[in-house]
Amino acid sequence: MLLLRCRVKGTQNHLILSWNVKGTNETVKRKKLLLYLKQKKVDICFLQETHLCDEESNKLQRDWVGRVFYSSASSKQRGVAILTRKNLNIKVHKQYSNKDGRWVAIDVDLFGVKNSLINIYAPNTDSPEFFVDICNIAKQMGNLYVIIGGDFNQVRDPALDKSSSTNNRPKQKSVLTVDTMVEELGLVDIWRLLYSHEREYTFYSNPHSTYSRIDYFLISKQLVGMTVSASIGNIVLSDHAPVETVLSLGPRAREPMTRWRLNTSLLQNETSSKFIKQEILEYGDQNEGTASNPGLEWDAFKTYMRGRLIQHCSFLKKQSIRCLQELEREIKDLEKIYAHQPNLMILSHLRKLKFELNSILQKKVEFINETFKLFYKKLYTSQCNIDQDD
(Lines of atoms letter the chains of each structure in order from A; the text may use other names.)
(Lines give C-alpha, C1' and ligand atoms only; values in the text may rest on other atoms or scores of the structure.)
Protein backbone atom coordinates (compact mmCIF):
# COMPACT_ATOMS: atom_id res chain seq x y z
CA MET A 1 0.00 0.00 0.00
CA LEU A 2 1.40 3.38 -1.00
CA LEU A 3 1.38 6.08 1.64
CA LEU A 4 0.32 9.34 0.03
CA ARG A 5 0.52 11.62 3.02
CA CYS A 6 0.56 11.66 6.82
CA ARG A 7 -2.41 12.52 8.96
CA VAL A 8 -3.05 16.22 9.45
CA LYS A 9 -2.71 17.35 13.06
CA GLY A 10 -6.09 17.22 14.80
CA THR A 11 -7.58 14.76 12.32
CA GLN A 12 -7.94 11.00 12.22
CA ASN A 13 -7.74 8.44 9.45
CA HIS A 14 -11.11 7.07 8.33
CA LEU A 15 -11.62 4.00 6.18
CA ILE A 16 -14.19 4.02 3.37
CA LEU A 17 -14.69 0.60 1.77
CA SER A 18 -16.70 -0.60 -1.24
CA TRP A 19 -17.54 -4.26 -1.89
CA ASN A 20 -19.75 -6.26 -4.22
CA VAL A 21 -20.67 -9.02 -1.77
CA LYS A 22 -22.81 -11.15 -4.13
CA GLY A 23 -25.67 -11.59 -1.67
CA THR A 24 -26.27 -11.03 2.04
CA ASN A 25 -29.63 -12.77 2.38
CA GLU A 26 -28.02 -15.91 3.84
CA THR A 27 -27.69 -15.30 7.60
CA VAL A 28 -24.28 -16.89 8.25
CA LYS A 29 -22.68 -15.18 5.24
CA ARG A 30 -24.14 -11.82 6.28
CA LYS A 31 -22.69 -12.21 9.78
CA LYS A 32 -19.29 -13.19 8.37
CA LEU A 33 -19.27 -10.13 6.12
CA LEU A 34 -20.21 -7.78 8.96
CA LEU A 35 -17.60 -9.38 11.23
CA TYR A 36 -14.94 -9.01 8.52
CA LEU A 37 -15.85 -5.32 8.09
CA LYS A 38 -15.83 -4.78 11.86
CA GLN A 39 -12.32 -6.21 12.12
CA LYS A 40 -11.26 -3.86 9.32
CA LYS A 41 -12.60 -0.96 11.44
CA VAL A 42 -14.59 0.41 8.51
CA ASP A 43 -16.18 3.85 9.00
CA ILE A 44 -18.31 4.02 5.84
CA CYS A 45 -19.11 0.99 3.70
CA PHE A 46 -20.63 0.79 0.21
CA LEU A 47 -22.17 -2.64 -0.46
CA GLN A 48 -23.41 -3.89 -3.83
CA GLU A 49 -25.55 -6.93 -4.63
CA THR A 50 -27.06 -7.14 -1.16
CA HIS A 51 -29.98 -9.22 -2.55
CA LEU A 52 -32.26 -7.88 0.20
CA CYS A 53 -35.76 -6.44 -0.14
CA ASP A 54 -36.79 -3.28 1.76
CA GLU A 55 -38.02 -5.18 4.81
CA GLU A 56 -34.78 -7.18 5.08
CA SER A 57 -32.25 -4.40 4.43
CA ASN A 58 -32.31 -3.29 8.07
CA LYS A 59 -30.79 -6.68 8.95
CA LEU A 60 -27.50 -5.00 8.03
CA GLN A 61 -27.88 -2.66 11.01
CA ARG A 62 -26.10 -4.84 13.55
CA ASP A 63 -23.27 -4.46 16.06
CA TRP A 64 -20.92 -1.73 14.75
CA VAL A 65 -23.37 -0.37 12.14
CA GLY A 66 -25.09 2.87 13.15
CA ARG A 67 -27.27 3.56 10.09
CA VAL A 68 -28.16 1.86 6.80
CA PHE A 69 -29.17 3.70 3.61
CA TYR A 70 -30.31 1.39 0.86
CA SER A 71 -32.00 0.84 -2.48
CA SER A 72 -33.58 -2.54 -3.11
CA ALA A 73 -34.92 -4.30 -6.18
CA SER A 74 -38.39 -5.84 -6.22
CA SER A 75 -36.90 -9.34 -6.18
CA LYS A 76 -33.87 -10.73 -4.35
CA GLN A 77 -31.27 -9.47 -6.76
CA ARG A 78 -29.18 -6.34 -7.15
CA GLY A 79 -29.51 -4.03 -4.11
CA VAL A 80 -27.06 -1.45 -2.74
CA ALA A 81 -26.49 -0.09 0.76
CA ILE A 82 -24.34 2.49 2.54
CA LEU A 83 -23.43 1.57 6.12
CA THR A 84 -22.07 4.12 8.58
CA ARG A 85 -20.28 3.27 11.81
CA LYS A 86 -21.80 4.09 15.17
CA ASN A 87 -20.54 7.38 16.66
CA LEU A 88 -19.34 8.61 13.26
CA ASN A 89 -19.58 12.40 13.03
CA ILE A 90 -22.03 12.44 10.12
CA LYS A 91 -25.25 14.36 9.54
CA VAL A 92 -27.48 13.16 6.70
CA HIS A 93 -29.53 15.86 4.96
CA LYS A 94 -31.18 13.79 2.25
CA GLN A 95 -31.15 10.33 0.67
CA TYR A 96 -31.58 9.69 -3.05
CA SER A 97 -32.03 6.32 -4.76
CA ASN A 98 -33.57 4.59 -7.75
CA LYS A 99 -36.17 1.82 -7.60
CA ASP A 100 -34.04 -0.88 -9.22
CA GLY A 101 -31.45 -1.38 -6.47
CA ARG A 102 -28.75 0.12 -8.69
CA TRP A 103 -27.65 3.17 -6.72
CA VAL A 104 -28.12 5.04 -3.46
CA ALA A 105 -26.75 8.50 -2.62
CA ILE A 106 -26.68 10.56 0.55
CA ASP A 107 -26.10 14.30 0.95
CA VAL A 108 -24.15 14.61 4.21
CA ASP A 109 -22.07 16.75 6.51
CA LEU A 110 -19.03 14.62 7.30
CA PHE A 111 -17.07 16.22 10.14
CA GLY A 112 -18.84 19.48 9.33
CA VAL A 113 -17.95 19.37 5.61
CA LYS A 114 -20.56 18.87 2.86
CA ASN A 115 -20.08 15.60 0.96
CA SER A 116 -21.96 13.60 -1.66
CA LEU A 117 -21.61 9.84 -1.10
CA ILE A 118 -22.84 7.76 -4.05
CA ASN A 119 -22.81 3.96 -4.09
CA ILE A 120 -23.41 2.31 -7.48
CA TYR A 121 -23.95 -1.12 -8.98
CA ALA A 122 -23.82 -0.50 -12.72
CA PRO A 123 -25.46 -2.79 -15.33
CA ASN A 124 -23.10 -5.27 -16.99
CA THR A 125 -24.38 -4.12 -20.39
CA ASP A 126 -23.35 -0.99 -22.26
CA SER A 127 -25.66 1.49 -20.49
CA PRO A 128 -24.34 5.06 -20.78
CA GLU A 129 -27.65 6.49 -19.53
CA PHE A 130 -26.95 4.95 -16.11
CA PHE A 131 -23.80 7.05 -15.67
CA VAL A 132 -25.61 10.14 -17.00
CA ASP A 133 -28.09 9.69 -14.13
CA ILE A 134 -25.25 9.35 -11.60
CA CYS A 135 -23.57 12.49 -12.93
CA ASN A 136 -26.87 14.40 -12.74
CA ILE A 137 -27.58 13.35 -9.14
CA ALA A 138 -24.07 14.47 -8.11
CA LYS A 139 -24.68 17.84 -9.79
CA GLN A 140 -28.10 18.10 -8.13
CA MET A 141 -26.56 17.69 -4.66
CA GLY A 142 -24.02 20.34 -5.61
CA ASN A 143 -21.35 19.56 -3.00
CA LEU A 144 -17.67 20.37 -3.41
CA TYR A 145 -16.61 16.92 -2.22
CA VAL A 146 -17.94 13.90 -4.12
CA ILE A 147 -17.17 10.22 -3.49
CA ILE A 148 -18.57 7.74 -6.01
CA GLY A 149 -17.74 4.10 -5.30
CA GLY A 150 -18.94 0.68 -6.25
CA ASP A 151 -19.09 -1.89 -9.02
CA PHE A 152 -18.84 0.06 -12.29
CA ASN A 153 -18.94 -3.14 -14.38
CA GLN A 154 -16.66 -1.34 -16.83
CA VAL A 155 -12.94 -1.63 -17.52
CA ARG A 156 -11.69 1.89 -18.20
CA ASP A 157 -8.21 0.85 -19.38
CA PRO A 158 -8.15 -2.71 -20.82
CA ALA A 159 -4.35 -2.63 -21.19
CA LEU A 160 -3.90 -2.33 -17.41
CA ASP A 161 -7.21 -3.32 -15.86
CA LYS A 162 -7.75 -6.72 -17.47
CA SER A 163 -5.59 -9.85 -17.31
CA SER A 164 -6.23 -10.59 -21.00
CA SER A 165 -7.60 -8.04 -23.42
CA THR A 166 -7.70 -6.88 -27.01
CA ASN A 167 -6.51 -3.28 -27.03
CA ASN A 168 -7.82 -2.42 -30.50
CA ARG A 169 -11.47 -2.69 -29.47
CA PRO A 170 -13.29 0.67 -29.41
CA LYS A 171 -14.34 1.98 -26.00
CA GLN A 172 -17.92 1.23 -24.99
CA LYS A 173 -20.28 4.18 -24.69
CA SER A 174 -20.51 3.54 -20.93
CA VAL A 175 -16.76 4.00 -20.51
CA LEU A 176 -16.83 7.21 -22.56
CA THR A 177 -19.70 8.45 -20.37
CA VAL A 178 -17.72 7.64 -17.20
CA ASP A 179 -14.77 9.59 -18.66
CA THR A 180 -17.09 12.55 -19.32
CA MET A 181 -18.52 12.34 -15.79
CA VAL A 182 -14.99 12.32 -14.33
CA GLU A 183 -14.14 15.46 -16.30
CA GLU A 184 -17.38 17.34 -15.54
CA LEU A 185 -17.34 16.60 -11.80
CA GLY A 186 -13.57 16.97 -11.37
CA LEU A 187 -13.00 13.40 -10.17
CA VAL A 188 -10.03 11.04 -10.11
CA ASP A 189 -9.73 7.25 -9.90
CA ILE A 190 -7.76 7.42 -6.66
CA TRP A 191 -6.28 3.89 -6.82
CA ARG A 192 -5.06 4.37 -10.40
CA LEU A 193 -3.65 7.79 -9.48
CA LEU A 194 -1.49 6.18 -6.78
CA TYR A 195 -0.60 3.09 -8.81
CA SER A 196 -0.32 4.41 -12.35
CA HIS A 197 1.32 1.30 -13.85
CA GLU A 198 0.29 -1.45 -11.42
CA ARG A 199 -1.86 -4.44 -12.32
CA GLU A 200 -4.30 -5.46 -9.59
CA TYR A 201 -7.81 -6.75 -10.03
CA THR A 202 -11.09 -6.70 -8.15
CA PHE A 203 -13.11 -9.37 -9.97
CA TYR A 204 -12.45 -12.93 -11.13
CA SER A 205 -14.66 -14.44 -13.84
CA ASN A 206 -14.78 -18.22 -13.46
CA PRO A 207 -16.35 -18.90 -16.89
CA HIS A 208 -13.64 -16.90 -18.69
CA SER A 209 -10.80 -17.44 -16.17
CA THR A 210 -9.96 -13.73 -16.36
CA TYR A 211 -9.34 -10.96 -13.85
CA SER A 212 -10.46 -7.35 -14.20
CA ARG A 213 -10.58 -4.14 -12.17
CA ILE A 214 -14.18 -2.98 -12.31
CA ASP A 215 -14.62 -1.83 -8.68
CA TYR A 216 -13.13 1.51 -7.66
CA PHE A 217 -13.60 4.92 -6.06
CA LEU A 218 -13.88 8.16 -8.03
CA ILE A 219 -13.27 11.07 -5.65
CA SER A 220 -13.08 14.85 -6.02
CA LYS A 221 -9.64 16.22 -6.82
CA GLN A 222 -9.94 18.35 -3.67
CA LEU A 223 -9.93 15.12 -1.60
CA VAL A 224 -6.64 13.87 -3.06
CA GLY A 225 -4.68 15.97 -0.56
CA MET A 226 -6.63 14.31 2.27
CA THR A 227 -6.05 10.79 0.95
CA VAL A 228 -3.72 8.65 3.03
CA SER A 229 -3.92 5.45 0.97
CA ALA A 230 -5.96 3.38 -1.46
CA SER A 231 -5.86 -0.40 -1.79
CA ILE A 232 -7.52 -3.49 -3.21
CA GLY A 233 -8.34 -6.35 -0.87
CA ASN A 234 -8.66 -10.08 -1.49
CA ILE A 235 -11.33 -11.96 -3.42
CA VAL A 236 -12.81 -13.84 -0.45
CA LEU A 237 -16.44 -14.38 0.65
CA SER A 238 -17.44 -13.06 -2.80
CA ASP A 239 -16.17 -13.10 -6.39
CA HIS A 240 -15.20 -9.43 -5.96
CA ALA A 241 -12.47 -7.91 -3.81
CA PRO A 242 -13.24 -4.98 -1.50
CA VAL A 243 -11.63 -1.67 -2.45
CA GLU A 244 -10.50 0.73 0.26
CA THR A 245 -9.68 4.40 0.56
CA VAL A 246 -8.36 5.99 3.75
CA LEU A 247 -9.02 9.71 4.18
CA SER A 248 -7.63 12.01 6.86
CA LEU A 249 -10.73 13.84 8.06
CA GLY A 250 -12.10 14.86 11.47
CA PRO A 251 -11.39 13.14 14.79
CA ARG A 252 -12.62 9.61 15.40
CA ALA A 253 -15.23 9.55 18.17
CA ARG A 254 -14.19 7.79 21.36
CA GLU A 255 -15.67 4.34 21.75
CA PRO A 256 -18.14 4.12 24.65
CA MET A 257 -16.93 2.34 27.77
CA THR A 258 -18.34 -1.16 28.13
CA ARG A 259 -18.63 -3.41 31.17
CA TRP A 260 -15.97 -6.12 31.28
CA ARG A 261 -17.20 -9.71 30.98
CA LEU A 262 -15.24 -12.95 31.04
CA ASN A 263 -14.83 -14.45 27.58
CA THR A 264 -16.15 -17.93 28.42
CA SER A 265 -14.49 -19.46 25.35
CA LEU A 266 -11.19 -19.16 27.27
CA LEU A 267 -12.37 -21.96 29.55
CA GLN A 268 -12.64 -24.33 26.58
CA ASN A 269 -9.22 -23.39 25.23
CA GLU A 270 -6.47 -25.66 26.62
CA THR A 271 -3.73 -23.00 26.56
CA SER A 272 -5.95 -20.36 28.18
CA SER A 273 -7.25 -22.84 30.74
CA LYS A 274 -3.66 -23.65 31.80
CA PHE A 275 -2.87 -19.92 31.97
CA ILE A 276 -5.85 -19.27 34.29
CA LYS A 277 -4.96 -22.18 36.59
CA GLN A 278 -1.33 -21.06 36.77
CA GLU A 279 -2.33 -17.47 37.61
CA ILE A 280 -4.68 -18.67 40.38
CA LEU A 281 -1.95 -20.84 41.92
CA GLU A 282 0.68 -18.08 41.73
CA TYR A 283 -1.66 -15.53 43.28
CA GLY A 284 -2.49 -17.94 46.11
CA ASP A 285 1.20 -18.66 46.80
CA GLN A 286 2.20 -14.98 46.85
CA ASN A 287 -0.78 -13.50 48.70
CA GLU A 288 -1.99 -16.15 51.13
CA GLY A 289 -2.86 -14.55 54.49
CA THR A 290 -1.93 -11.01 53.41
CA ALA A 291 -5.46 -9.66 53.99
CA SER A 292 -7.18 -9.79 57.38
CA ASN A 293 -10.65 -9.63 55.83
CA PRO A 294 -11.69 -12.56 53.55
CA GLY A 295 -14.00 -10.21 51.62
CA LEU A 296 -11.13 -7.83 50.84
CA GLU A 297 -8.92 -10.77 49.83
CA TRP A 298 -11.62 -12.01 47.44
CA ASP A 299 -12.08 -8.54 45.89
CA ALA A 300 -8.31 -8.16 45.47
CA PHE A 301 -8.10 -11.56 43.78
CA LYS A 302 -10.93 -10.69 41.36
CA THR A 303 -9.26 -7.38 40.47
CA TYR A 304 -5.93 -9.11 39.86
CA MET A 305 -7.46 -11.87 37.70
CA ARG A 306 -9.51 -9.40 35.70
CA GLY A 307 -6.34 -7.45 34.86
CA ARG A 308 -4.43 -10.59 33.89
CA LEU A 309 -7.34 -11.88 31.77
CA ILE A 310 -7.66 -8.54 29.97
CA GLN A 311 -3.94 -8.73 29.14
CA HIS A 312 -4.28 -12.35 28.02
CA CYS A 313 -7.34 -11.62 25.84
CA SER A 314 -5.55 -8.63 24.30
CA PHE A 315 -2.60 -10.88 23.43
CA LEU A 316 -4.89 -13.52 21.89
CA LYS A 317 -6.80 -10.87 19.91
CA LYS A 318 -3.59 -9.39 18.49
CA GLN A 319 -2.37 -12.89 17.66
CA SER A 320 -5.65 -13.67 15.87
CA ILE A 321 -5.50 -10.40 13.91
CA ARG A 322 -1.88 -11.09 12.90
CA CYS A 323 -2.88 -14.58 11.76
CA LEU A 324 -5.71 -13.21 9.60
CA GLN A 325 -3.49 -10.47 8.19
CA GLU A 326 -0.78 -12.99 7.31
CA LEU A 327 -3.37 -15.23 5.67
CA GLU A 328 -4.71 -12.29 3.66
CA ARG A 329 -1.18 -11.34 2.58
CA GLU A 330 -0.56 -14.90 1.36
CA ILE A 331 -3.84 -14.87 -0.56
CA LYS A 332 -2.99 -11.48 -2.06
CA ASP A 333 0.46 -12.63 -3.22
CA LEU A 334 -0.88 -15.86 -4.72
CA GLU A 335 -3.74 -14.01 -6.42
CA LYS A 336 -1.21 -11.73 -8.15
CA ILE A 337 0.91 -14.68 -9.28
CA TYR A 338 -2.11 -16.63 -10.53
CA ALA A 339 -3.48 -13.60 -12.43
CA HIS A 340 -0.27 -13.42 -14.49
CA GLN A 341 0.66 -17.13 -14.58
CA PRO A 342 -2.43 -19.37 -14.30
CA ASN A 343 -1.43 -22.69 -12.76
CA LEU A 344 -3.56 -25.48 -11.27
CA MET A 345 -1.19 -25.98 -8.33
CA ILE A 346 -1.34 -22.27 -7.43
CA LEU A 347 -5.12 -22.27 -7.85
CA SER A 348 -5.44 -25.28 -5.53
CA HIS A 349 -3.29 -23.59 -2.85
CA LEU A 350 -5.24 -20.35 -3.29
CA ARG A 351 -8.55 -22.13 -2.72
CA LYS A 352 -7.13 -23.85 0.36
CA LEU A 353 -6.06 -20.52 1.91
CA LYS A 354 -9.44 -18.93 1.14
CA PHE A 355 -11.19 -21.90 2.73
CA GLU A 356 -8.97 -21.49 5.81
CA LEU A 357 -9.84 -17.79 6.12
CA ASN A 358 -13.53 -18.55 5.61
CA SER A 359 -13.35 -21.24 8.34
CA ILE A 360 -11.80 -18.79 10.84
CA LEU A 361 -14.61 -16.30 10.24
CA GLN A 362 -17.16 -19.13 10.47
CA LYS A 363 -15.86 -20.14 13.92
CA LYS A 364 -16.00 -16.53 15.12
CA VAL A 365 -19.62 -16.21 13.95
CA GLU A 366 -20.54 -19.52 15.64
CA PHE A 367 -19.03 -18.29 18.92
CA ILE A 368 -20.97 -15.00 18.70
CA ASN A 369 -24.21 -16.91 18.01
CA GLU A 370 -23.60 -19.23 20.97
CA THR A 371 -22.87 -16.25 23.25
CA PHE A 372 -26.17 -14.61 22.28
CA LYS A 373 -28.07 -17.87 22.83
CA LEU A 374 -26.65 -18.21 26.35
CA PHE A 375 -27.39 -14.56 27.13
CA TYR A 376 -31.04 -14.79 26.10
CA LYS A 377 -31.43 -18.18 27.78
CA LYS A 378 -30.24 -16.69 31.09
CA LEU A 379 -32.43 -13.62 30.56
CA TYR A 380 -35.49 -15.81 29.90
CA THR A 381 -34.74 -18.04 32.92
CA SER A 382 -34.31 -15.07 35.27
CA GLN A 383 -37.55 -13.51 33.96
CA CYS A 384 -39.42 -16.77 34.58
CA ASN A 385 -38.07 -16.87 38.16
CA ILE A 386 -39.26 -13.30 38.77
CA ASP A 387 -42.73 -14.17 37.43
CA GLN A 388 -42.92 -17.21 39.73
CA ASP A 389 -41.95 -15.08 42.75
CA ASP A 390 -44.76 -12.66 41.91
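The backbone N, Cα and C atoms fix where each Cβ goes, and this holds for glycine too.
TrEMBL names Glu49, Asp151, Asn153, Asp239, His240 for binding Mg(2+). Of Asn20, Asn119, Asn269, the residue it gives for the same site is Asn20.
Of the listed binding-site residues, namely Asn20, Asn153, the sparsest Cβ surroundings within 10 Å are found at Asn153. Considering other CB atoms within 10 Å as the measure, the emptiest surroundings among the binding-site residues Glu49, Asp151, Asp239 are those of Asp239.
Per-residue pLDDT, averaged over the domain 'Endonuclease/exonuclease/phosphatase' (17-240), rounds to 94. Tyr121 (active site) has a Cβ environment of 27 other Cβ atoms inside 10 Å. With the fewest other C-beta atoms within 10 Å around its C-beta, His240 stands out among the recorded positions Asp215, His240. With respect to Tyr121 (active site), the closest of these recorded positions in Cα terms is Asp151, chosen from Asp151, Asp215, Asp239, His240.
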